[in-house]
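According to TrEMBL, the feature compositional bias 'Basic and acidic residues' maps to 1-27. Feature annotation from TrEMBL assigns region 'Disordered' to 1-30, 700-722. As annotated by TrEMBL, transmembrane segment applies to 55-74, 86-105, 112-131, 137-161, 182-202, 214-235, 295-313, 343-364, 376-394, 608-628, 640-662, 668-690.
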Amino acid sequence: MAKEKGTKETAKKNQTGDDPPRGDFSSRKKSPKLCGTNYPLSIAFIVVNEFCERFSYYGMKAVLTLYFLNFLHWDENLSTTMYHAFSGLCYFTPVLGALIADTWLGKFKTIIYLSIVYVIGHVIKSVGAIPTVGNQVIHVVLSMLGLALIAFGTGGIKPCVAAFGGDQFEEEHAKERSKFFSVFYLAINAGSLISTFVTPVLRGDVKCFGGDCYALAFGVPAALMVIALVVFIAGSGMYKKTPPRGNILLEVCQCIAFAIRNRLKNRSKQIPKREHWLDWASEKYSKQLINEIKMVTRVLFLFIPLPMFWALFDQQGSRWTLQATRMNADFGGIVFQPDQMQFVNPLLILIFIPIFDFGLYPLINMCRFNFTPIRKMATGMILAGLAFAAAAIVEVKVNETTMPLPVPKESFIQVVNLANDSIQVKIQGQDLFQQPIGAFQDPAEYSKLMLNGAQQNFVFDLQSPGSVSTFYHTVQEKSVYSLIVYKSEGNLSSHLIADMETKPAKGLSAVRFINALDQDVNVTIGKEQIISVNKNYGVSDYTTLERGKYNVHCKAEAKEFTLSLGLLDFGASYTIVITNTSSNTIEARKIEDILANDVHIAWQLPQYVLISAGEVMFSITGLAFSYSQAPVSMKSVLQAGWLLTVAFGNVIVLIVAQAAPLEQWAEFVLFACLLFAVCIIFSIMGYYYISVDPEDLTEEEEKKEMPSNGNVISLAPQKTKL
């Protein structure tokens, strides 16, 4: 799962020497210390607030795709699109949050007000997940409104919380401030790890309103966000609160826009050219600001290929979760929820960071290989691409147990022989069922039946020892059927019944009953589910059940009996035949119509390992490198640029999901190939990139002469306000 990128960036920003908040700290009341250390007591409230907020965000997001799929009943492509639209919005809104904090409210008030918006969004989202509240339209409206408020809330406070924590330290305690960000990062991952494990359990293992309890799965994160807000407010009297100091990102955008406008308005050949296009802003903005923006644009140019990495990374919560729903999740009696696998990512990150920092990287350096930041990031891209290649292989294996979808003028059929003897089935005009079909033989697979139109009447010739019968059945295109063959009064007879066309959703099992007795039977599954099955080969509707071993209680007139169904496995569809044995006892014969999910969910672990290793190399290295290449005053601009790469990565996914519908394994291969291609482009860009020290570059730029006053006079003053 994607962890908190925004606060990571802010943490890295402060660790690399970002400028301290302006203002006279010496005139302020100093915050009480934590347990006799130099750590302000106020940071304890901030760390607890961040833990609860991250639990809230990732807990809600962990079950979001399955909520779209199973509660709102959207298809997989639309569910994926909306998941990534929400994720992208969460990384566009930090720009608004930074603008509000720096130019209007300050960080403290921005966190308070937007956290209230955040809580309201969670409450609306939880109410929208209650089945009894309104109809489908109301559920969709409440869900979308809640998600919009959550995106604005979480994105708005994203650039503020970590920086606000850094503000609490005095300047002489820079070492403690650096360690605070390590604790802050730990709180992020702890909240992410616990919530992605617990929330799917609340959704799947707790039942409410007759199904999965999405209201509880969203309600608990809402409660955690309320706790986060209360804890943050509780520390109000201890905080150092800096006033708004102007938004550097807005100033950078205005400077760039002015330079472009000024250049376009002064295109005369008589006007001397300037060394850099940003120098056209020198009439309005300081030389220092222009030089700093030049440094930033060099790094932002390297950011252009980066969204493709996030396009792959953030699919852990969408496509990979959907893949897990079609897999076997039984770990020796402990059953994982499909969305629970996302907890593997934060767990691996906590393991990989020390392994890489203290093991892998020093070992590579001992081999005298210059493993530069650009090479680390390119390696991270390759690992993410390999993760999707592994996901494609798993998807191909998973598809082997799924039902193929019939196309127009095509249907699928199988024969269920409930007679006591082997039979031969021939369908006139079709070349099917060449071998005899044994009594109660479990059909190996469905056979394809070709039609000459939307429907067709077929002639079925059935032959058993001493008996030949002909039957007529009408078949609809794009349907799946079972031909039930049995003996009635010594002669062969048949029914054509419609089967389940796709696997049961959410890894459930589906079961139906055929009553071969001469009495009606009431079948009780569990405590309340009672299914009536008519006598003489009556067929019940399908009932979906949680995976498990079942015994059913049956009542036929005055007779009662219990039948064992055995294991009803993940994603399988079964037909249970209630029949007499030769010893005149009643038994249940089980036929597996749709194969169970036999690919274990543990086969997703390699792709999670690869994507997590790729994240460590790509994300952490990329932030450290980009911040080292920017002047102190511009690190917040780079933070905004980094967050926007995440946002645009999610935009790429929703475009592909809607514009280029492919088979899932092919889509995984497409994303892997795109990232490999982007990796090559990024490596070429990195090869020509010259690493600089921002302080040295600033001194060098200041020595250069600016355009003379004569150049300024030659501009078109009537078109440009100076």
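Cβ atoms are placed via backbone N, Cα and C, with glycine included.
TrEMBL: automatically predicted annotations, no manual curation.
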Query = Taking contact to mean three or more C-beta pairs under 8 angstroms, with sequence separation of 6 or more, is the transmembrane segment (86-105) in contact with the transmembrane segment (343-364)?
reply = no
Remark   = Ranked by Cβ pairs within a distance under 8 Å of the transmembrane segment (55-74), the first of 214-235, 295-313, 376-394, 640-662, 668-690 is 214-235
Key: Tertiary contacts of the transmembrane segment (182-202), as residues 6+ beyond its ends and Cβ separation under 8 Å   = 1, 3-4, 7-8, 11, 46-48, 50-56, 58-60, 62-63, 162, 165, 213, 216-217, 220-221, 224, 337-340, 342-343, 346-347, 349-350
Request  = With pairs restricted to those 6 or more apart in sequence, evaluate whether the transmembrane segment (376-394) and the transmembrane segment (214-235) have 3+ C-beta pairs under 8 Å.
outcome  = no
Query = Of the listed stretches (214-235, 640-662, 668-690), which one yields the highest count of Cβ-Cβ distances below 8 Å with the transmembrane segment (295-313)?
reply = 640-662
